[in-house]
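Positions annotated as domain 'Ig-like' by TrEMBL: 3-74, 494-586, 705-788. Feature annotation from TrEMBL assigns domain 'Fibronectin type-III' to 194-289, 294-393, 395-490, 591-688. Annotation source TrEMBL lists region 'Disordered' at 372-403.
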Amino acid sequence: SVPRCYLNKQLATVRVLKGDPAELSCTVSKDDVTGTWFKDGLKLTSMDGVVFEKKGLVHKLIINKVEDIHGGKYRFEGGDVKTEASIFVEDPPQVDKLLLKNLTSVPTVAKAGEGVKIRIPFEGRRPIRTAWLKDRMELGDDSRIRVDKTDTCTTLSISSCDRRDCGDYKVRLKNDSGVLEINLKLVVIDKPQPPAGPIKIVESSASNITIQWKPPKDDGGKPVQRYLVERQQVGRNNWETLGETPRSCTSFTTSKVEEEMSYYFRVKAVNAEGVSDALESGEVKAAGKATPGAPEPPEIVSASRDTITISWKAPRKSGASQIMGYVVQKRKKGTVTWLPVTNVPVKDKKLKVTSLKKGVQYEFRVAAVNAAGTGQPSDPSEPAFARDPTKSPGQVQDLKVSSSDSTSVTLTWNRPEVQDGIDVKGYEVEMRPCNSPSWTKCFTLPAESTSCRVQGLQAREKLFLRVRALSDSGPGEAMEIEACTGAAAPVVSPRLLIDHTVKSFLSIKAGNPIQVKIPFEGSPEPVVTWLKDGLPLPSRATVSTEDGTTQLLLRAAEFSDSGTYTVELGNELGKRETFSFQVQITDIPQPPGAIRLEENVHHTVTVTWEPSVSEKWEKNLYYTVLKRESQKGPWHVLGDLIYNNKFTFTRVVPGRDYYFRVVAKNDLGASDPAETVQPWRIRKTKAEFRVKTQKYRGVNQNQPPRFLVPLKPHVVVTGSECRMSCAVGGHPAPKITWYKDNRDLSRDPNYFCTNDFGVCSLVVLGATKQDAGEYMVEASNELGRVFSKAFLAIKGNS
């Protein structure tokens, strides 16, 4: 929309972006009124880019494309109407739209070790301050990183990238007209880190060794494709390649082993960029001649006052030779020492243990023996009392399958019928597949539990389950039931259920928690991975995943937590889905630094201050300058919405004390103030007492104005002070008015005019390229007016 200002409605200011159109209009009371437009006190008859229009009672001044020369004070006079308006030309920093789209939508990708150079040209009113930030901290020059700036361009150079350079970068361009922030992403790809260790030895026998490891914590920005497994025999220097595994497999079994030989193993991860450094194991020794494995725990067959009969089954692994017998051991419950029951191995798989102490509770274990020696012992049996048998509890009642799914079966039952002297202490649940005679214990439950869920089953698996009551006199008779799991759930691709509650951008105040919950679905259950800026989360972050929802939690946000967070779903079928969101940590600004006061121009004070440290990361930060004229008086605002660190106060009254305060502000609030401690005062000069004698009134001394010394052209360096002077004569004393490019400078605070007994000066503080142009001084009195013109040129520091 076109910025408009309706003069007769007293909307007397319009701010216009450079290059945009603008319109001033005024409504008069009569149609035959001929209006006149003025700019900076001069009548406008024609001006580049300005059109005058009259429609009925409405007079308009239309600027099709606003430039710097169009800024100034406009006045309309016509009939009984006389009113004013000002146009301020805003020229904030700008970057080419196509370049801006490419920078923000497409990540910059670099390989580790290579150099990166990101160049951003810009336009706008100078000077333009630039800053590069990463993780809210401003980047400075070091051994690898360099930030360069000219009047029209800023460049970030990284001589040798590594994975630490990954993340979100922000470029801030700032001048008096506004702030432009550009968010871009840098991705550095590299070979993976070594697999996470340590290497775990899953199995070590005379014929096989199985090792296991974890995926690398950082995959280098490219998915791991496979793992390479190598082996070195202890005492040798060369490494032998054993094979490789796909990315989904993190274990490896080798049969290329010799009995009682020691080896080292190492594993390397491979992605598209190369091979990682190796994760090495400690020394791993292959077993000698294989001894038998451990049998299952013995079962209690019967008991009396001094004997207990036990039985057991052969171990699944008999070793390298036939089992020759079994070693049987006993111990009293609560002790740690195992005692042999017989002096020679027992050839049968049943034994009556005699000479026991009445009323004592015993545990038993067995170990198989072959030609290689004695194998691992079994786990202990259930404890049993050496006492005459008592009546065991009866069967549980109403055993049934209450529910089932593709991986589990749920059983329920009722307590056995009440019998005198028998107190049920708990329940034992066992299972066996339909094609196996062996029962496996699932649970031992307390007496108050009469249900359980057997998990970890296969879809459509048939099995048998049995439950028996337990008491001090032993286990009761088991109740058995047949069960079958349900069909496998249909395959559902992993999908994040993003709705309006999941935001793509979060602004969090420092110290507050970051909590993000994201629901998902998938079958089989997908694996959830969280990343920050493409890397693993910081150790302070907590991730919990259950019941189809994954949650990220950081209890107290820090500025370093700003960045891009990504949640990734993946399943064993290789299907993946990701979602990313931005987190911005912000806070009330830190106070500005020390304030300095200077009288650069007579009867003015220039207030400068050190910027707030929050400027490094805060986009919408600005300053407010206040003053008061006594130590306890009220504060009054001098300037607001100040985006630089300087303000000039021109209405200083000599002899009066001033105190100044500067406050940094953003959308969350205001900082603590920075204040001056000592008062600022300009000495008040005492008026001289003079006696004026009566002048002789004879000859008429009136003279029209004339230039005794005209203006001269000047060339100054950017940032320096320029003083343009001339000498004027005439009587009465001429009125002096300064113009730049035909614009009246009388009320422009950026210029200061003096007139000392006809020596007239215009002072330009901190000259910029916008100050270059044609300057004119007008001298006028009742007898006439004269002009003198000169050009001011600005050259760069170089």
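In case you wondered, yes, glycine gets a Cβ from its N, Cα and C as well.
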In contact by Cβ distance (the domain 'Ig-like' (494-586), the domain 'Fibronectin type-III' (194-289); 3 or more pairs under 8 Å): yes
Secondary structure content, the domain 'Fibronectin type-III' (194-289) (per DSSP, counts of residues): 0 helix, 50 strand, 46 coil
Residues in the domain 'Fibronectin type-III' (294-393) grouped by DSSP into helix, strand and remaining coil: 0 helix, 38 strand, 62 coil
Tally of DSSP helical, extended and coil residues in the domain 'Fibronectin type-III' (395-490): 0 helix, 51 strand, 45 coil
DSSP residue counts for the domain 'Ig-like' (494-586), split into helix, strand and coil: 3 helix, 56 strand, 34 coil
Summary of DSSP states over the domain 'Fibronectin type-III' (591-688), given as helix, strand and coil counts: 4 helix, 41 strand, 53 coil
Tally of DSSP helical, extended and coil residues in the domain 'Ig-like' (705-788): 3 helix, 53 strand, 28 coil
Helix, strand and coil totals (DSSP H, G, I; E, B; other) for the domain 'Ig-like' (3-74): 6 helix, 35 strand, 31 coil
Averaged pLDDT score, the domain 'Ig-like' (3-74): 81
